[in-house]
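Quick look at what TrEMBL annotates:
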type	residues	note
ACT_SITE	HIS423	active site
COMPBIAS	18-52	compositional bias 'Polar residues'
REGION	1-59	region 'Disordered'
TRANSMEM	88-105	transmembrane segment
TRANSMEM	131-150	transmembrane segment
TRANSMEM	162-186	transmembrane segment
TRANSMEM	192-209	transmembrane segment
TRANSMEM	331-350	transmembrane segment
TRANSMEM	409-427	transmembrane segment
TRANSMEM	434-452	transmembrane segment
TRANSMEM	464-487	transmembrane segment
Amino acid sequence: MVDRNDRVPMMTGRTRRSTIGPTPAGGNSKQANGSKQSSAGEKTPSHPSHSNGKVKKEKQVHDVTQNCHVLQESLLSSASGYSNYRGILNWCVVMLVLSNARLFLENLLKYGILVDPIQVVSLFLKDPYSWPAPCLVIVSNVFIMAALYTERKLSVGTISEMTGTFLYLVNLTTLLCFPSATVLTLTSMTPAGGVFALGVYTILFMKLYSYKDVNMWCREIRHTKARTLTRSHSCPSVAQSNGSAVHSHVSYPGNLTHRDIYYFVFAPTLCYELNFPRSPRIRKSFLLRRLFEMVRCTNLDVILFQWIVPTIQNSMKPFQDMDFSRMMERMLKLAVPNHLIWLIFFYWFFHSSMNFVAELMQFGDREFYRDWWNSETVTYFWSNWNIPVHKWCLRHFYKPIMRRGVNKWVAQTAVFLVSAFFHEYLVSVPLKMFRLWAFMGMMSQIPLAWFVGRFLRGNHGNAAVWISLIIGQPVAVLMYVHDYYVIHYMSQS
């Protein structure tokens, strides 16, 4: 019988030699606490298969520890499929803020506070006892009621389609002419108040035009099918069930109610439907986030105006002297803050404000914009940066023209003409001067779209779109500011 003290060294050596290879059943194994466990006097069998398995295991471990490369692309390569660039975007924002903070502080130290909240309010209200812009907005209810009662008469056949078309023509024409005449006549109307009032009337014009078309299509379907559709409530009642809202279906002419038309007037869309997609509930946290964004973006725009006002003021002398080199320098200096204001306004209006209104009204379609920042053509940009206007133009203007056999290029030119008219309408009338800079700027998009689509592709096309946005707007701004300064200030002096 072997002594216990003689067996310990043999077992210890055998345990050390078997650390690379697999431990046989009943053999030694090292526990987590470092102690060794062994069976009493059992000997590890010497077998050829054990040695072969040991070699294979050593080779496998060697391969695993040495092979550290696989077939893959760099993250910044397009083939990698990587798309999380949030850190780079934050870096760009930080660098943009830091690079422009010096200019803002320089203007603040040199010129003082040029823009404050009280001055911003005075842009809309010159006289606290005379509010022409809010009064104009209140008067717009007359045109809404005229459209509703015209549709009611048409639905029961009291008036003919020709008479209804004439009434709509008068209503929509007055809708555009009345506020513009008021803005041009009243001296208490400020330019900012005029832009606000005319913007509301322009949106209302497009909404009521869509309201007319959709109800006319409903009457055509009713006459074609020769049957009466069931009448139901317009803006349907909401039945609460386990926290979700269930909305009933609306059929023509049950939609011709005050509640229905006012829901459409306040909804963040320009295209009318009898049954809008509705969200199940109102999310209070979502509303608070959008409200915070609206306040923050407004403050940022006010701060940027502190930067842009001295630049515009210093641009008047180069324009008067026709110093083209200085004019170009002023325009490039104005391009950065003007573009930042435009980007902040886009986010404030199309994301924060419209989502806020949509959440309040449980309006389900939240596609107010698409990825216009990836535009490789000018046409793609104008089709995706303002989806409500694009849908309205496509549904009520472009497709009806195409159905009449008009060429595609002519139809697109007609859409740009209508857009150019409304751009000039919203600028020239509040400023009370007609220079057609906005109109010509919009019409210049047609040859630019042809050139970019024909000769530029990919990143070059996207860069051309960005350059047109960054440079084109400051040119129009300086043109209008110069003419406004000449008319209202130089003539007085």
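Glycine too: its Cβ is placed from the backbone N, Cα and C atoms.
Annotations in TrEMBL come from automatic prediction, not curation.
Contact between the transmembrane segment (192-209) and the transmembrane segment (131-150) is supported by 3 or more Cβ pairs under 8 Å, counting only residues 6 or more apart in sequence.
Most Cβ pairs under 8 Å with the transmembrane segment (434-452) belong to 409-427, among the candidate stretches 162-186, 409-427, 464-487. If one looks beyond the transmembrane segment (331-350) by at least 6 residues along the same chain, the residues whose Cβ comes under 8 Å of a Cβ in the stretch are 100, 293-294, 297-298, 300-301, 304-305, 307-308, 311-312, 315, 368-369, 385-386, 469-471, 473-475, 477-478. The Cβ of HIS423 (active site) lies under 8 Å from the Cβ of ALA438, PHE439, GLY441, MET442, each of which sits 6+ residues away along the same chain.
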